[in-house]
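Colleague: Below is one structure. I have some questions about it.
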Amino acid sequence: MHHLTLTSDDNAALLPMLTELAKTYDTIENPELIRRAPVLARSLPARLLEFLEEFRIGEPSALCLVSGLEVDENVLGPTPTHWRDSQYESSAFPQEIFFLLCASALGDVFGWATQQDGRIMHDVLPIKGHEHYELGSNSLQHLSWHTEDAFHPCRGDYVALMCLKNPDQVETLVCDAGDLDWSRLDVEALFEAEFTQMPDNSHQPQNTAQSTGDPTVDRLRQRSFALIQSWNDDPVKRPVLFGDRRDPYMVLDPYHMKTEGWPERSLRAFQGLCDQIEEHMRDVVLRPGDCVFIDNFRAVHGRKSFRARYDGSDRWLKRLNVTRNLRGSRAWRPAPDNRIIY
């Protein structure tokens, strides 16, 4: 794991900037703040920027952890009961800004029109009634390991998580592709476009408000849901591995993959890959102030089950999607400077 711990001096240096930005803007979703974030990120401590750049370019690990950001749980207050309750007057706004700036040093943050009302920064917390859903808001069942948004051609290069609370030390599960023994796998079969990947449950209409009041946005969003439905009805065949055959990238979400009709060789190769991933899965316990950046090309991730209390003390994370090629999604966004994919 690529790991850096912030010192007390780092926190002292960050505090004035984060405090001032939290006074200037009303929400982490403010378009001007998001637009300025790559420039503001240059004010982060030099050793932190160098550390993030090494992760971005050198790929020393599929997991990058920045720990030690100061978080006062008394200031945070209770964990929200739902992600819809947390956008404005956020008690974690300074920490959210730090998280945004770190992510913006790696690439461009973006959101999905089909997730959490099209927000850039998501809340990951248990929601009553979701206990057994295959969603990040579940609790009583494991969140199956996966590539984030594996079904979509515009999926991010990184998925990032910032921990505000984790009183039960719930484990995040991660497998780094660099730990796999590719010589034991049928790599050529996994590079063939024989695998069908379905959209995951987080991109469903019930995760978005009925109307934004903007006819253009509503039309684009309905187009997105129609496209997702078409991928469910008639999934496109694609490879599971790509890039360098000696050190490949991977994209898979087995829970949302239909294996019917796959060639026998593809089935065997896929099962072999899944078995190795299970063998090399590691537990990562995030603590308050931890920001973890997972390389979405080189790792899969999930989460172990836990029992939610729903009393304001539950596990509470923030999540960002980061791309190194924002232009690659231009056909899916209404304007060059719009960060939401429809």
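Using N, Cα and C of the backbone, Cβ positions are placed for all residues, glycine too.
Just so you know, TrEMBL annotations never went through curation; they're auto-generated.
Pulled these features from TrEMBL for this protein:
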type: BINDING; residues: His146, Glu148; note: Fe cation binding site
type: COMPBIAS; residues: 198-214; note: compositional bias 'Polar residues'
type: DOMAIN; residues: 130-320; note: domain 'TauD/TfdA-like'
type: REGION; residues: 197-216; note: region 'Disordered'
Colleague: Have a look around His146 (Fe cation binding site) and count the other CB atoms within 10 A of its CB, chains all included.
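Modeller: That number is 23.
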Colleague: So if I measure Cβ to Cβ from Glu148 (Fe cation binding site) and keep only same-chain residues at least 6 apart in sequence, which ones fall under 8 Å?
Modeller: Arg155, Gly156, Val159, Ile294, Asn296, His301, Asn321
